Each structure stands twice: as C-alpha cells, then as structure tokens.
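What follows is a short report on a single structure.
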C-alpha cells in the first residue's frame, strides 16, 4: 500500500471511530440515569458498550452481512428501556424488578432470534416485514434521530432555558460541517464529520473551558445484570420481547439500504448470518445491562456523506473502539467530547437518512387512496413522538411503553395495513387511469 493509501486508511478509520463513539457513548449514560445506577456501574456499562460494539462491528463486517455498517445500540430499544426505567415508580416496582424483566425478555428474544437464523426460518419475519413497512421504519427512524440530535445540540440551563452561547456555537458547527460537506470537495467533504468533531471539540475547550465534561478516575469492575436479576414479570417480559423481535425490522431495512448504496442485491445468507450475530449479542447485552445491538440504518447517511465504502477502515475502527473499553484512559479521554458538539455533527450526518427513506420507496406510485399506506403510519408515529408521555397516563401502565413510542406504533400500523389491505389492486387503478 502506498503512503497516500495508508494515510487515507488511517483518517478513514479515525472518522469511523468518532462516528461509532458519537453514536454509542450517550446510550449507556442515559439508560444508567433512567435506572439510577451508581456512577461506577454506569462507567462499567460504558466500557462494556465500547468493547462489545467494536467486536460486533468486526463480526458483522467479517462474517455477518459483510458491509461497513455500524452495529450498535438499537434506537427503538434505547427509547423503550429509558421509558420503562422512568415509569418504574408508576408501575409500582423497583428499578431492579423492571430491569430484570427487561433482561429476561431480551434473553428470550435473543434465543428466538438465534433459532430463526440457525434453522433458516427468517422468511417468517420477511413475510411480515414488507418493503413499505421498511420504508415507514426508515422515515420514522429519521424523524426520531433528528429530534434527538436537534434537542441535543442545545445546552439546557437549570432553569429550563437554552444556554445561548453554547447553543449558538452548536449551530455554527452545523453550518461549518454542512459547508464542508457541500463545498469542501472530495477530501474535505468526505472527512467533514471528523473535521467537525475535532474543530468543534478544540474550539469548545478554548471558548467554554468551564463547561467541559470531566474524566473519571475509577478502575475497571464488571457487574452482571446491573439493571436487575432476570425475573418472571410477565408484562415487562412481553413488552421487551416483542420490541426486540420488532427491532429485526431494522436489520432488514439497514442491510437492504446499504446494498442499494453499493448497487448490489442482498443474498438471503447475508440476512441469516447478520441476524444470527444479532441474536448472540442480545444475550451479551442483557448480561451487562446494555441496549441490544442492531445494524444502524443511519449509517447510510454517514456513508453517503463521507464516501467511506471500504470495509478495511471500518474493521480497524471496530478494533480501536474495542481498545477504548479495554484501556480505560482512552475511553475516558474521548468521554470529554461535549455532547452538544457530537449531536451537532451527527445532526448533519443524519440528514442524508431522509434521502435514504425517499429512495426506499423506489418509484412507488401513490394516489389519494394508496398514500394512506405511507402517510398514515408515518404521520401518526411522528405525532406520537411530539406528545408528552404524561398525557397517556390513563392508559394501563404495561401498554404505555408501546403507545408512547411513535416508532413502534407507526411500524405496527404499517404491518396491519400491508397485511389486511390489497394495495396492489388500488395501485393498478392508478396505472390504468381509473
């Protein structure tokens, strides 16, 4: 490999590393806060998250779907676990009971997922997950992530108002990264995410030195089932079990979307291998109190923004990310990146995901009747995302994690619409001009 090739691979690997970090670090922190875990336990989950995310990325790129596709904490399960943790008091249960029920549900769903892949039964899931369901999922995932990153760009003061200087700085970083992406040419444009994080982080240290996150000095200590020992709370088990299986929608959507970017046809074996790996890691994540893993559809926006289509830099970044968990000082150093900067950069990166959602429709024709198969689930889901969960307080508490999750409800509505309505018949009416 030439000197230039080595340099490109190095910078590509670093950009992947920062992308993986930015998409991972917030998840265990927020889940730990929802379950009121002690600081040392949260730090343990962060390091475990780094270790297993890196290993999962390597395995998926090597023997799974074999694409450079981030495999990390599921956005769907992330939101569900936080809601369950926050709702523990409303359920009249201890955090350990709720967390233990979630762990049991994830373990059972992981076992079912492994069996489906091992015995080549994933066609059962594919019969339910139609192309339009995948499109609805990508649209709703786009909105959910953009809402998260947009809110995360703005620092909120103790009085509940926006910290104007920090928030304006985040907006400037968004403009800067967007400008690099559009006007930076091949080199600067492809590395706009990495440049944005480095520049934003450096300037933040200079302008707001008192607001920097502080690194921890605790040692490494593993705890099994930190959220709670597995139990038989049927309601919580069912909710988490169903959500993990529903999360397989993301596997199909992500693999198909990245294959479209490469202009390739997905082989059945790629789905099977990837889902098998996903099932195995469901066991691991539940043991260490982590959100289950899934291939990230949002990686498509990152790939389209950076043009980093080779697997080698991605695999190297997976190895480096594992080291961040194995060598605590490295992880603690990256942990000082301001979350407002990370969210600002990711906001730009994930704007591309909306294009992925549009492309997933693949020229589907709509009329005043067939538009309901897309508009209904998507707009209902987005509407639920913007309703305060407290308004659903009169609904049975075991149903609240479903009803208050716009992504889950939108996908469920789409599944029913595709199952019970013959949309092809209505589409044919459009084609013949009736």
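Each Cβ is built from the backbone N, Cα and C atoms, and glycine gets one as well.
Per TrEMBL, the stretch carrying the note transmembrane segment among 249-270, 337-358 is 337-358. Highest Cβ pair count under 8 Å relative to the transmembrane segment (16-37), across stretches 105-126, 188-208, 275-293: 275-293. Long-range Cβ contacts of the transmembrane segment (220-246) within its own chain (Cβ-Cβ under 8 Å, at least 6 residues beyond either end) map to 31, 35, 37, 40-41, 44-45, 47-48, 76-77, 80-81, 84, 91, 93-110, 112-113, 125, 282, 286-289, 292, 328, 398, 401-402, 408, 411-412.
Stretch with the most C-beta contacts under 8 angstroms to the transmembrane segment (398-417), considering only 44-63, 105-126, 132-150: 132-150.
No contact links the transmembrane segment (188-208) to the transmembrane segment (275-293), because fewer than 3 Cβ pairs that are 6 or more residues apart lie under 8 A.
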